[in-house]
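Accompanying notes for the structure given below.
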């Protein structure tokens, strides 16, 4: 259906600006999701049990982030014969880790100097609930030990997995570009399914660590599976685009409804409770199907593509990482200073306004300069560090 697609030549190398914007929209749902955690039950129930759930699909957004990372990180390697691990790692440190340290410093300062008030909301009490110590700060800096990932900022937990998986992503790219895709899909599913038995083995049988530590560690395998699928999507994107182009309008409509339903409700508590023997995180796979389809629609569907590439949405997409990093600190600062003193709707407006303002400042002062630093440090004219070369397959192996 040519009039519904936004096709480009299959081998054209381009920046997927629409996916930047998709990440920005998803980051905004995380912002709203965290605010929903302080709303009255009647408001929360309305949001989570209706199509409005898409506005607060926070965990779903993180799954989408992992797919997008796998997709985008694979693109530069598809036309190369080898991977340069040193520059890749240095770029990821500058892109992910350095802005994280800036956001961590901001959160620590607020936690240290803004007194937190006890609440009857358990979610509020999970952040800024412990004394600020150098040991706790260093655990957050180094991602070491079993510690409360939400202590300084409730959104930091996903970055632990992002950095862990980034360390091994070149190996994932090698596997994706060399091996048959069916084996990679089975491997991704096996990694995800194995993380929970391995956690039980480590904690309850071998007694290497606590169950919480084991789960937090083994979930790296679960989330790595989504990087693998995202990478496979990049590998097979031309075929996926051709498949989409053959869809009729009614088929596109049905696919859109199914993808949105799975994305929003695939991990709904009402569904999880019906299958108590299945670990809750395994329902992420239903969300994953919807997330993959959203990426396909973002690239191919003309209306969705036009929305995502509009100036205001793309502006949000460019700053999505800054938005994700700092919104939690802004929210908890407002919780402990204004919650109960102003109406909740006014608090929401203030939260959004302050978050967007601080996001712009953080983007200009921290995120953009660190991205530019990564580009300068890995530019061809400069000496490259630790250039371990990993062979990858040519197009003939796809």
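A Cβ is built for glycine as well, from the same backbone N, Cα and C atoms used for every other residue.
Curation plays no part in TrEMBL annotations; they are all automatic predictions.
Annotated domain 'Acyltransferase 3' per TrEMBL: 17-356, in sequence order.
Within the chain, the transmembrane segment (54-75) has long-range Cβ neighbours (under 8 A, six or more residues past its boundaries) at 13, 16, 19, 22-23, 26-27, 29-30, 32-34, 36, 47-48, 158, 161-162, 165-166, 169, 172-173, 176-177, 223, 226-231, 233-235, 260, 263-264, 266-267, 284, 287-288, 290-292, 294-295. Residues annotated as transmembrane segment in TrEMBL: 54-75 (among others).
Residues 128, 132, 137, 140-141, 151-153, 156, 159, 162-163, 166, 321-322, 325-326, 328-329, 332-333, 336-337, 362, 366-367, 370, 373 of the same chain lie 6+ residues outside the transmembrane segment (96-114) yet bring a C-beta within less than 8 angstroms of a C-beta in it. Annotated transmembrane segment per TrEMBL: 96-114 (among others), in sequence order.
For 155-177 (among others), the entry in TrEMBL reads transmembrane segment.
Long-range contacts of the transmembrane segment (182-201) within its own chain (CB-CB distance under 8 A, at least 6 residues past either end) are made by residues 175-176, 211, 214-215, 217-222, 224-226, 228-229, 232, 279, 281-282, 284-285. Annotation comment: TrEMBL describes 182-201 (among others) as transmembrane segment.
What TrEMBL records for 213-234 (among others) is transmembrane segment. Under 8 Å from some Cβ of the transmembrane segment (213-234) lie the Cβ atoms of residues 63, 66-75, 78, 146, 149, 161, 164-165, 168-169, 172-173, 175-176, 181, 184-185, 187-189, 191-192, 194-196, 198-200, 202-203, 240, 281, 284, 288, 292, 295-296, all in the same chain and six or more residues away from its ends.
The transmembrane segment annotation in TrEMBL covers 243-263 (among others).
What TrEMBL lists as transmembrane segment is 283-300 (among others). Residues 4-7, 16, 18-19, 21-22, 59-60, 63-64, 67-68, 71, 189, 192, 222, 226, 229-230, 233, 237, 240-241, 244-245, 255-256, 258-264, 266-267, 271-272, 308 of the same chain, all 6+ positions outside the transmembrane segment (283-300), place their C-beta atoms under 8 angstroms from a C-beta of that stretch.
Counting same-chain residues at least six beyond the ends of the transmembrane segment (321-340), those with a Cβ under 8 angstroms from any Cβ of the stretch are 24, 27-28, 30-31, 34-35, 38, 96, 99-100, 102-103, 106-107, 110, 114-117, 119, 124, 127-128, 152-156, 347, 350-351, 354-356, 358-360, 362-363, 366-367. Annotated transmembrane segment per TrEMBL: 321-340 (among others), in sequence order.
The transmembrane segment annotation in TrEMBL covers 346-366 (among others).
Residues of the same chain lying 6 or more positions beyond the ends of the transmembrane segment (155-177) and with a Cβ under 8 Å from any Cβ of it are 30, 34, 62, 65-66, 69-70, 73-74, 77-78, 83, 85, 88-89, 92, 96-97, 100, 103-104, 107, 140, 143, 149, 184, 187, 219-220, 223-224, 227-228, 231-232, 235, 324-325, 327-328, 390-393, 397-398.
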